[in-house]
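Going by TrEMBL, these are the annotated features:
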TRANSMEM  B:66-84  transmembrane segment
TRANSMEM  B:90-111  transmembrane segment
TRANSMEM  B:118-136  transmembrane segment
TRANSMEM  B:156-181  transmembrane segment
TRANSMEM  B:211-230  transmembrane segment
TRANSMEM  B:250-279  transmembrane segment
Amino acid sequence: MAGTACSSQKATDGRGNDDGKIKIGLVTKTDSNPFFVALREAAKAQAGKDGAELIALAGKFDGDNEGQVAALENLVQQGVDTILVTPSNSTGILGAIKKAREKGILVIALDTETNPKDAVDATFATDNLEAGKLQGQYVKAALGDRVPQLLMLDGSPGGTVDEQRHNGFLQGIGLTESDPKVLGKESTNGDQNKAQQAMENLLQRAAAVNAVYTINEPAARGGFAALQAKGLADKVVVGSVDGGCQGVRDVKDGKYALTVMQFPKKMAEDGVKAGVEFTRSGKKPSGFTNTGVTVIADKPVPGIQAKDTAWGLQNCWG
Amino acid sequence: MKALVLRTPAVGPALALLAAVLIFSLTTDTFATADNLSLVVQQSLVIGTLALGQTLVILTSGIDLANAAIAVLGTLLMAQLVLGGTSAPLALLLGILVAIGIAAITGGVVTGISLPPFIVTLGMLTIVTAAARIYAGGQSYPVTDELLTFLGTRQYLFGYVEVTVGMGLALVMYLIAWYALTRTAWGRHVYAVGNDIEAARLSGIKVRRTVLSVYLVAGLVYGIAAWQALGRVPNADPNAFQTGNLDSITAVVLGGTSLFGGRGSVLGTLVGALIVAVLRSGLTQAGIDSLYQDVATGVLVIVAVAVDRFSRGRQA
């Protein structure tokens, strides 16, 4: 670790200043997910403001560790000063991150933590356990006197973010994993089509459902379509996470009770700012920075602070 | 010149590779450095190894859609067995044996009941992908064992040229395959079967045995690809290499091997795998968006098949 710090000091003197421009690399999980598009656009905008150059690369699909490693290597070749990365897998790309840091490059994880957390210099991300917890608490409050009968539309098996939100939700609604009130759960990979199919199948055996957890808004859309087709839309409280503009509109239209907004723009802007600061002064950020979450809902429930969808539409992404 | 290109399928792709390397060397400052060129080769290793097996299958006028899935299952087996206390050499061996076993089933079904390889390997792709996910239990497994990550070991030649053990192994495998295909009776049989299966049968070649042997060799190669993958990214992930089968076919086609079988070379495939990696790296360093890189690769694939068609027409 001491060696890394030492070489980074050297690097700030020479690297990246060859053509007078600060170079920042960004590696997202994919090119196409609106969340990462918003993150990339915000990073580009911030880099433009700060007079830095942003090089954005991505994996081909969620779980493309090989593609992310190649992207990291290519950025090192291009002499970037800072790399911002949303790791597809918490451990898969640690070797490439280590090599980049050994060359004195500042590496910041955005959105998803690495394991171990100190494999990167710093992490700017949503506290996903907190996001899940807020979703669970709101759904419980919205149910009122009704006993929860829960279906869960999960993300990808083994994903860090997915597990944190899932566990947070169960804590928030006050259930355990094996509670019989959890009527069923399915992986959706956060994909609308898969989520719809999963919910259709779950409803075949769990028509008594009154609460639904979703990993993100695409999963919520798929799940809601299946509920609507079964005529259950009014009887079920659906909660989600993300804060995409479509998701906020869906809350406004009453499709889901709430969504928990994340702030990818803030992650990207803070990351770019930290990179610029690092090149200018050699100062490195460290530790986990919570970029915050906000519950977006139009019906207030006791005990939970929420913003309405009008605020949500002004602050949403994508 | 044209005659040479038509007669030796690897020459055209090699010229294309050379052109790409030249262009990127001239247009970017960062492409033509020893360590970047080393990275380009490393980035092509797993797909390049999968593509070697794919070439053999395609030469028999088959196709293998399951190759990457088999390799992914291999990585999971190796990683989990070692985590469970199995010794690394045994885990490595078992991973490779399972890959050969699956390929043997594929080959057995293809030759035994004469089903189209496309269909059989499509089924295998689905089965093996599911098996890998079931076996992984929704987790990915970090690998720290030195033998399993051995192919990622770096050495420096002349003090600055970075090479990995995996590069050496891939080169050796390609040379062995090249020798076997061009200098042995088995190789001639493989080409003959792919060219015209009836003619091959009538000339006394044991067609089924030849095709089955190709699948077995391909299985061995996929097992080694799993080992290559752990050297590159020391993490066995059931979601990895989702497009590996198509990427390997891309390398084969860019290398000038005919998808209709019977024509092509493994050296061409080596060049084809490098073309993909050179494009990816060079276009990235030239600041071209990755989606446009895919467009470029796609155009090249179509051009390569058109050249194959054109040269076939000329020969016939």
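Using N, Cα and C of the backbone, Cβ positions are placed for all residues, glycine too.
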Legend entry - Among the ranges B:66-84, B:90-111, B:118-136, B:211-230, B:250-279, the one whose Cβ pairs under 8 Å to the transmembrane segment (B:156-181) are most numerous: B:250-279
Inset, instruction - Quick one: find which recorded stretch in B:66-84, B:90-111, B:118-136, B:250-279 has the most Cβ pairs under 8 Å with the transmembrane segment (B:211-230). - result: B:90-111
Legend entry - Stretch of maximal Cβ-Cβ contact with the transmembrane segment (B:118-136) [cut-off: under 8 Å; candidates B:66-84, B:90-111, B:250-279]: B:66-84
